[in-house]
Every structure is written in C-alpha cells, then in structure tokens.
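Novice: According to TrEMBL, the protein carries these features:
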type	residues	note
COILED	239-266	coiled coil
DOMAIN	113-155	domain 'TRAF-type'
DOMAIN	167-222	domain 'TRAF-type'
ZN_FING	113-155	zinc finger
ZN_FING	167-222	zinc finger
Amino acid sequence: MSTERLLVRGVACFPSSVKVPFLEKVPKSLRCGLCGNVSVDAKMDTMGHVFCEDCIKMMVNEDGKFECTADCPAAHVNTLQIRHDLWLKVLGLAVKCPKNDCSYQATLKDLMAHYPNCLSGGVDCPMCNMHIRASDLAVHTRDKCQERPLPCPFCEKHHKERVLQEHMQECDQRPGTCQHCTAEFNTYAEVRDHHYPVCPKKPIGCPYTCFGCRFQDTREKVNAHVREDQHVGLLVKRFDSIQRELKDAKDEINVLKQKNLDLEATLIEERQHRLNLEDNVSTGTNHIKELNETVCSVQKRVTEEIPRKFEELSQRLDLFATPMEELLKSLAAESQ
C-alpha cells in the first residue's frame with residue numbers, strides 16, 4: 001500500500017516536524033496550494049484556492065493584502081474564508097502511526113488520540129534523557145540510569161549514581177581510622193574533629209618553633225622534648241635579638257623625629273619668606289596706585305589748562321591784530 005507523508009499543521013499532538021503517513025491519496029482540494037500539507041485552520045480565497053495559516057502569513061504584505069500564487073487578484077487577508085468542513089474531511093482519512101516500530105492504522109482523528117500515548121517508538125528517560133525502548137524503561141530507571149538517586153550507606157542522603165562512589169570516599173559519616181595510631185572510629189568526622197587534635201602519634205612541631213626550635217615528632221615525643229631545659233637558651237637568645245631590634249627601632253625613631261623637626265623649621269622659614277614677599281607685593285601695589293593717582297591728576301590739570309591758555313593767547317592775538325594791520329597799511333602808504 002502506497003503512502004504519502006504530509007505535515008498536519010495546527011495540531012498540538014504532532015510535533016511540527018513529524019509527517020503523518022496517509023494510506024490514501026489526499027485530494028488537492030484538502031491540501032494547501034503552496035506547501036501541499038493539510039491544516040486544521042485551512043482558508044480559501046475567492047477563487048477557491050486553499051492555503052494553510054503558515055503559508056498565508058508569508059503571502060500577506062505589510063498592507064494586509066493577500067497575494068495569491070495562482071495570479072488571482074490581490075485582496076485583503078480578511079476576505080479569506082475559514083473552511084472547517086475541509087478539516088472534517090481530513091480527519092476521516094486513513095493514516096498510519098508515524099513512529100517506525102508502530103503498526104497502528106486508523107483515521108487521522110483516532111491517530112490524534114493514539115499518538116501521544118504510543119510507546120512503540122521508544123521513550124526518553126526522565127532522568128538522563130537517554131532514548132530507550134519503552135519496555136526497558138522500568139529496569140533502566142531502577143538499575144542502570146546514571147542519574148538515578150541512590151542513598152549513601154553512611155549518611156543516608158541521596159546522590160546521583162554517577163557521583164555516589166566519589167561522595168562515599170569523602171563522606172564525613174564513613175568509618176574512620178587514624179592514619180597515625182590506627183585507632184578506629186564510627187565516623188571520619190570523629191577522627192578529624194576530635195581525635196587528630198589529641199592523637200599521641202600524630203607528627204607535630206615543637207611549640208617553640210617561633211623561637212627557632214625545629215624539632216618535629218609525635219605528640220608524645222614533642223611533649224617530652226618540651227620539658228627539656230634547652231628551650232631556655234632559645235628564649236634568652238630570642239630575647240636578646242628582640243632587644244637589639246627594639247634598640248634599632250628606637251634609634252630609627254629618633255632619626256625620624258630629628259628629620260621631622262628639621263622639616264618643621266624649614267616650613268617655618270618658607271612661611272616667613274612667603275609673608276615677606278606678600279608684604280613687598282602689597283607695598284609695590286600701593287606705590288603703583290599712588291603713581292596712577294598722580295598721573296591722573298596731572299592729566300586732568302593739563303586737560304583743563306590747555307584750552308584756557310589757548311583762549312588767552314587767542315584774545316591777545318586779537319588785541320594786536322588790528323593795530324598791526326593799521327601799521328602795515330601806514331608803512332605801505334609811506335613807501336609809495
């Protein structure tokens with residue numbers, strides 16, 4: 001029996017990429033004129049052409065005009081008619097389950113109820129997402145899945161199987177054994193928090209390490225070592241060293257104090273010098289001010305005197321002008 005695989009658009013139970021095998025030829029009148037698939041929301045234009053919603057969106061311009069691929073007159077998208085009757089016909093067509101291992105055949109309407117619950121094609125493990133046969137899912141999640149939660153035998157907390165062994169090696173509630181004295185404890189936390197601080201076999205350093213003693217051994221031997229008198233010499237030596245360091249520090253402090261005094265004296269001199277300069281500047285400013293006032297006074301006096309003197313000279317010239325003119329005329333007459 002020949003089959004034709006088509007997308008069933010607008011149906012939630014089928015993934016957008018799953019093509020359903022139709023066992024009978026699907027008439028063109030039920031299929032989208034552009035993509036050739038069937039759709040729950042098929043619409044028809046005025047010329048009887050059928051299109052699915054996805055293709056219609058690609059055929060509508062920014063003005064809402066629907067441009068048919070069959071060279072029909074452009075019309076507004078609102079003029080398209082929804083054809084539910086076409087979908088009812090599609091629901092009655094014979095189909096096969098698209099999962100490879102499933103032989104289920106029925107109408108498309110019945111397949112829509114069957115497909116979401118079909119286990120023939122395998123399932124994904126809800127914990128690790130591994131794709132396995134549905135019949136193996138129970139065993140996989142119970143015994144094999146690396147992501148399944150398992151209880152730690154020591155602390156009883158649940159951890160994923162893939163990290164459980166690593167956790168058990170580090171779990172504070174695992175049985176503990178002191179690596180120094182081999183004493184055994186119920187939990188490693190007891191060894192770490194309570195036993196190690198007092199274990200007589202644990203290697204430790206001498207408490208006088210900060211004074212120069214380099215002795216290291218078990219706690220028992222270190223305690224015996226501390227009771228020896230040799231540490232008195234270390235203490236005296238360290239005390240002398242501290243005294244020398246203290247003297248050097250005091251000498252350095254005295255030097256710094258003297259430098260500070262010298263610096264303060266220099267600052268005082270600089271401050272006095274600055275004050276002197278400011279006084280000189282102030283005195284010079286006053287002199288300049290006095291000179292400016294003198295110049296202004298002279299300019300004012302000159303400005304007032306010159307016109308007056310000029311007027312006096314003009315009047316004197318006028319007094320001599322007439323007699324001089326008569327004298328010149330008289331001299332001219334006598335010469336004739």
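Positions of Cβ are set from backbone N, Cα and C atoms, glycine also.
Burial and contacts for the listed features, if you can.
Specialist: In this model, the domain 'TRAF-type' (113-155) carries an average pLDDT of 85.
Within the same chain, residues 13-14, 97-102, 104, 106, 161-162, 164, 167-168, 171-175, 187 sit at least 6 positions outside the zinc finger (113-155) and bring their C-beta atoms closer than 8 Å to a C-beta of that stretch.
Residue counts for the zinc finger (167-222) under DSSP, helix first, then strand, then coil, are 19 helix, 10 strand, 27 coil.
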